[in-house]
Structures are given as C-alpha cells and as structure tokens.
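Quick notes on the structure that follows.
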There are 2 protein chains.
Amino acid sequence: MFVQHPIAVLDSGVGGLTVVKEVMRQLPREKIIYFGDTARTPYGPRTPQEVMGFTREIVSYLIQYQPKMIVIACNTATAVAMSDIRSSVDIPVVGVINPGARAAIGRTSTGCVGVIGTEGTIRSEAYEIALRELSPHVQVISQACPRFVPLVERGNFRSRETYDTVRDAIGHMKRYPIDCLILGCTHYPYLTDAISEVMGGEVALISSAEETAREVSAILQDKRELARSNQLPVHQFFCSGEPCMFRLIANQWLGEQIELTPVVWQVPTIG
Amino acid sequence: MFVQHPIAVLDSGVGGLTVVKEVMRQLPREKIIYFGDTARTPYGPRTPQEVMGFTREIVSYLIQYQPKMIVIACNTATAVAMSDIRSSVDIPVVGVINPGARAAIGRTSTGCVGVIGTEGTIRSEAYEIALRELSPHVQVISQACPRFVPLVERGNFRSRETYDTVRDAIGHMKRYPIDCLILGCTHYPYLTDAISEVMGGEVALISSAEETAREVSAILQDKRELARSNQLPVHQFFCSGEPCMFRLIANQWLGEQIELTPVVWQVPTIG
C-alpha cells in the first residue's frame, strides 16, 4: 500500500470535523477524505439497523478512494457498526469509543468513569464494554442526554436554558466519585462550560477528537504508513445534504476553504 | 497467537519500571515480563554498537517466553536499536520515543518542543526525527543532560545541588518558545520539581511512561490481542546484575512483591 492513500473519516454530520481538525494538526502531511451524512443526521435517535445501513453505505462510497484507514468519527455509528465495518474491510478501522475509553482509563484515579452520549450510544453500552475490556474493575456511570444535540444545533451553548438542561440531565452523576467524564458525542464539547460547571472543575472532561487523532497517528506509524510527502495535502469533503451550511461550518471550524462535493445517493435511503 | 502471551518490557536498569507501572494500571489483565540490564546500566554514555548488542541479547532472551509485543522502555536503546529489533521479530515493537513525540505534537501550541535526554539519545537525533516524521515544521530544541542520571541514582532529587545542576543544563532553553519539554530519559521524572521550576509552570513536561502504555494498549486492541482473562496475572522480572537492590526498588515502586530471577549471561559481555 502506498502512503499517499488518504485517511477516510465519516460522521453523521459535521461533528466529526473535530476529529479532522485534530488529525490535520497532529498529522499535517496526511490527506483526508471526509463524509458527513448531513441528509440523515442525527444518528442518535435512529434504530441500530438504520445506523448500520447508513454506515455501510458511506464506507462503500469512501472505499473507492482507496483509503489506508477508516475513522468512524461518530459515537453512534462506532457503537453500532464498528465491528461490522472492521470485518468487512482489510484496512485499519478506528472508532471514537476505544480512544475515549483508553484516555479515561489512563486518567482516572478513583476508578469511576462517567459517560454521556446519545440514546443510541448509551443503549449500546459500547463505552462500558470498551472500558471493561481494558480494565475489569472500573465503575461506569452512564447517562443518555437526548436534549443536548438540539441545544448545540441551535447554537445555544451558554444560555440559562442550557445550564438548566445540563444540570437536569447530569446533576445526579455528582453523587458518584467520578473523576473523568467521557463526552461520548462529538457535539458535546460545545457544552463544555455548562458541563464543567455542573460536574465541578476537578472532573476531567474527555473529548474523543484529540485521543482519536493520536490513535490514528500511532496505528499508522506502527504500520509504517505515515505519509512522507512535504507537499500540503488537499483534503476532500463530501456531504449528503444541503452543502452551503456544511461548507460554512467546515470553513469556519477548519480555518480554510474546503473542497466540497455534494453527494446524491443513487438509491435514496433517507428515512 | 493466543492472548495469554506476555508483554515483554526491557530497559537498561530500573527506569523502565515506570512504564511497567503504567501498563499494570492501564491494562491490569496483561502479564508482563521485564528485563533490567542492571549489570551494564547506564546505556547513555555507551557506544551505539554496545547498546545495539545488549538490546539484541535481551530480546533473544525474552523471546523464549513468546511475548506478543516488545516494549523498549529505555530511550537510549529505542534511539539506537528500535528499527533493528523491529525488523528482526514478527511481533509489534513499541519504543518510548514515538509515544513521547506524539504526545508533544498533540500538546504543543507554539510548535516549539524541547527534548532532554542522555548523550546517546540526543546524539542519535531520534526525537527530532520522530517529531519531524509526524509534523514537518515543528521546531525542536535538544539538550543532552549527562549529569542528571547520576543525581537521580544518588537519590538527590530536590537538593540545592540538583536545582543548580538543572538550571546550568537547561536554563538556556527558556530563550525559546518551548511549551512542551520531553523528558527523554526514564530517570528524569524524578527531577520534575527542579525541571519545572527552571522551565516555568506553563511548560508541560512529557514523560513517556503513560504515553507508551497508552500506545501499547491501542496497538494490542487494534490487533485484537488484549488479554481476556479476569485472573490477576503473575508478572516476571529478570535482572542481569545484583538482585537485592533491583527487588527493593521494584517492590517499592510497583507496590507489590515481585517474582525476580537473576540472569547470568552465558557469554559475559559486560563492558
């Protein structure tokens, strides 16, 4: 396999751009292709069958670009489809759940880790399984927070309503000796201020983006597949929905003009 | 390969026990075999040929225990022998340099990273190469600190002499916009107080132990080779020199009684 092959990153929408930004920062030589399934976002409330079907479809689309790795930058898709995708392709597949779990195990002193995420992610118990696979005696306190994504999508990051919603949803977690809280949804880092105020400054908030990028770097280096070129790579972005908003958010978030291709699925599967 | 195979960790002496402790904490199911080459420590001032020979010899010794991974927990040995060992065995080999470099790239905002280590490590430019492999434009300021290991080995962690020695050695690095300093020798974390005072609290000190253990975890999980047993593993330790001091330090550092086997090389190669 040649090292100029890209890293493919997929997400239900724009949340996975946090992972892209970290990969760009930590591995500036690597070319990235990104697929945001904005026509069908959010995945959180969908059935596992739907999420599985959508994820497979996106992987089939991205695989034609011969990526050297697939990054599932969506917690819900990782929870539901990671092992299926892993066994269907012969390149490494990195999700956002194992890196987040590993970071929490590396950081906790109390051995009690909190996890918040969408209903799909929490229902799957994927974080619990990942945490216990690493460390059998870790205590895991999980909470689905279905009201957080709508708040973020309305840009409502620091209002009184946001603080009240966050307190209602996770205030009870303070009863446990949690010293690490995994933000198990790529939207949640926007609510860091409110979450931190509710949980207290001594609780470390773990966002998967940085950890996932570091794991991408470690695995590519272990496989000797890091890109070698000194030329700046040109990344490519695809989205299944309306492109203007995606372009706006991506340009703003990544600090550069992106090359975006809207994708129209041949067989419409929009639920 | 079966998952009950151990992780082999090797070091010139006791410094690599910091990596062992982190692997035990982050991956409590994993069995570890450790080799401390206490008869020939320290490796820092030795020639590359000597370090290469010693490392090969230890790997040949450990390989009879059928490890699933080799961790070179010594900066000097990693700098000199890592790629040679990698191409001589068919299991993953993890050194301490790539994880430390990756952590620095993940954390720096100024793009200027400091590295301190033994003469052997700094002379090899291994950190510089690893940092640039990840990120071509990072600025690297390196400094060999040959007087640090003797201070640590005398248990002289916080004396006036220690502060003066540290200031003499690395005070000049303050002239650069370094925001991460890699402690490129497993002895240096003992001098954290003095190093931090000289560099200033805003400079993050990066010790490889935690980062290396996290990388061991990521690579084993990616290869689906994490241990599954819920039984507490029994680790095994080997040292080439006088066993009493090794046992004392290891018991104290790891907080448990270790199982130690002194090893007498059949062909004496003590320099």
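Easy rule for this one: first residue shown is 1, then count along the chain.
Cβ coordinates come from backbone N, Cα and C, glycine included.
A coil conformation is recorded for B:HIS187 (substrate binding site) in the three-state DSSP classification, outside any helix or strand. The annotation substrate binding site is assigned in TrEMBL to B:ASP11, B:SER12, B:TYR43, B:GLY44, B:ASN75, B:THR76, B:THR186, B:HIS187.
Under the heading active site, proton donor/acceptor, TrEMBL lists B:CYS74 (among others). Long-range Cβ contacts of B:CYS74 (active site, proton donor/acceptor) within its own chain (separation 6+, distance under 8 Å): B:LEU10, B:ASP11, B:SER12, B:GLY15, B:GLY16, B:TYR43, B:VAL96, B:THR186.
Sequence-distant neighbours of B:CYS185 (active site, proton donor/acceptor): residues of the same chain at least 6 apart with a C-beta under 8 Å from its C-beta are B:GLY15, B:GLY44, B:ASN75, B:THR76, B:ILE116, B:GLY117, B:THR118, B:THR121, B:CYS145, B:PHE148, B:VAL149. Sequence annotations record features per position, and here TrEMBL assigns active site, proton donor/acceptor to B:CYS185 (among others).
If you take the C-beta of B:HIS187 (substrate binding site) and look for same-chain residues 6 or more apart in sequence within under 8 angstroms, you find B:GLY15, B:PHE148, B:VAL149, B:VAL152, B:GLU153.
Fewest Cβ neighbours within 10 Å among the binding-site residues B:SER12, B:ASN75: this applies to B:SER12. Largest CA to CA distance in the substrate binding set (B:ASP11, B:SER12, B:TYR43, B:GLY44, B:ASN75, B:THR76, B:THR186, B:HIS187): 12 Å, whole number.
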